[in-house]
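**Student:** Handing you this structure, nothing more for now.
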Amino acid sequence: MATRGVMVALLLAAVAASCATAQLQEKFYSESCPSVEEVVRKEMVRALSLAPSLAAPLLRMHFHDCFVRGCDGSVLLDSANKTAEKDALPNQTLRGFDFVERVKAAVEKACPDTVSCADVLTLIARDAVWLSKGPFWEVPLGRRDGSVSISNETDALPPPTANITVLTQLFAAKNLDIKDLVVLSAAHTIGTSHCFSFSDRLYNFTGRVNPSDIDPTLEPFYMAKLKSKCASLNDNTTLVEMDPGSFKTFDLDYFKLVSKRRGLFHSDGALLTNAFTRAYIQRHATGAFKDEFFGDFAVSMVKMGNTDVLTGSQGEIRKKCSVVNH
């Protein structure tokens, strides 16, 4: 653990300058709310002890927040006319909003009007990884909450159907490079997915809508297993483990699966079509470089968490994460 901590600390130094520029600091609340991380972690430990499968949705929510308008908590906002980010198709399968509100309420009780929902969500995401046996890292804090949330801006989210060109473009738009792409994709080591996010690979790969219209890049035995779970293109309810056998544990099995052409999504398989991402996958599919990957993941998470943040006098500190202050 000590070795991993030292390694992560050294790697995080590479992104420290950018965080400083954005006015984010690891000890941002050291005086105004020194207990914030303890409060968040207490809620996370309690929740995940009862429902460990909640970790992946909470991590995913942070991703979806950062890729649209930056990490400003806009994914958490409600809209009376259903035009907010959470109402858009890519976000309709997000879950954990009530839990985020519960954590925010606990933070408000400890430190009223001090900690943003954007920071609460970022800390939740870190602890979701760590409590799933993944890496721990210090989170730069000081984000402010945005007041705008628009459903059609979710076009900025990398879809599960994307090829490597689209993926690299969408990540580059957030100042994330191709290494960040392959590293952060490994978040698929925890969690589940609905069949409709990948069933076109099983029944409608070229638009012919029949059982033989399959994605030839998907390993045949894995495809057969998926077909046994997802009976048709119309299956909108069945959930499938993204990392079968260890979908509640943050580990390197994702790389082993993708290297064997058993990545669940188009976007997973697409990582084998680029020399750099393929080499990274093959290296970590060996399982011999766990500390290296954990360090890389920590660095990329901090980098993503610094995306287009509001700081200083920008934005606000919401009392409730689902509504702007009045």
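Glycine too: its Cβ is placed from the backbone N, Cα and C atoms.
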**Student:** Cys321 pairs with which of Cys71, Cys111, Cys117 in a disulfide, per TrEMBL?
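**Tutor:** Here TrEMBL pairs Cys321 in a disulfide with Cys117.
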**Student:** Name the cysteine that pairs with Cys66 in a disulphide bond per TrEMBL, restricting the answer to Cys33, Cys71.
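**Tutor:** Among Cys33, Cys71, the record in TrEMBL lists Cys71 as the disulfide partner of Cys66.
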**Student:** Cys111 has a disulfide partner in TrEMBL; which of Cys33, Cys195 is it?
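**Tutor:** Matching partner in the record: Cys33.
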**Student:** Would you mind sorting out which of Cys71, His188, Thr189, Cys230, Asp243 (the recorded positions) have a C-alpha within 10 A of the one on Asp65 (Ca(2+) 1 binding site)?
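**Tutor:** If one measures from the Cα of Asp65 (Ca(2+) 1 binding site), the recorded positions that come within 10 Å are Cys71.
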**Student:** Would you mind checking how many other C-beta atoms are within 10 angstroms of the C-beta on Val68 (Ca(2+) 1 binding site)?
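**Tutor:** Excluding its own Cβ, Val68 (Ca(2+) 1 binding site) sees 27 Cβ atoms within 10 Å.
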**Student:** Relative to the mean position of the Cβ atoms of Thr189, Asp243, Asp251, the recorded Ca(2+) 2 site, which additional same-chain residues have Cβ within 8 Å?
**Tutor:** Ala186, His188, Ile190, Met242, Ser246, Phe247, Thr249, Phe250, Leu252, Asp253, Tyr254
**Student:** Given the binding-site residues Val68, Glu85, His188, Asp243, which lie within 10 A of Arg60 (site 'Transition state stabilizer') by CA-CA distance?
**Tutor:** His188
**Student:** Would you list the other residues of this chain near Ca(2+) 1 - those whose C-beta lies within 8 angstroms of the C-beta centroid of Asp65, Val68, Gly70, Asp72, Ser74, Glu85 - in sequence order?
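**Tutor:** Result: His64, Cys66, Phe67, Arg69, Cys71, Gly73, Val75, Gly146, Ser149.
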**Student:** Out of the recorded positions His64, Cys66, Ser74, Cys117, His188, give me the one sitting nearest to Cys111 (disulfide bond) by CA distance.
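**Tutor:** Out of the listed candidates, the nearest Cα belongs to Cys117.
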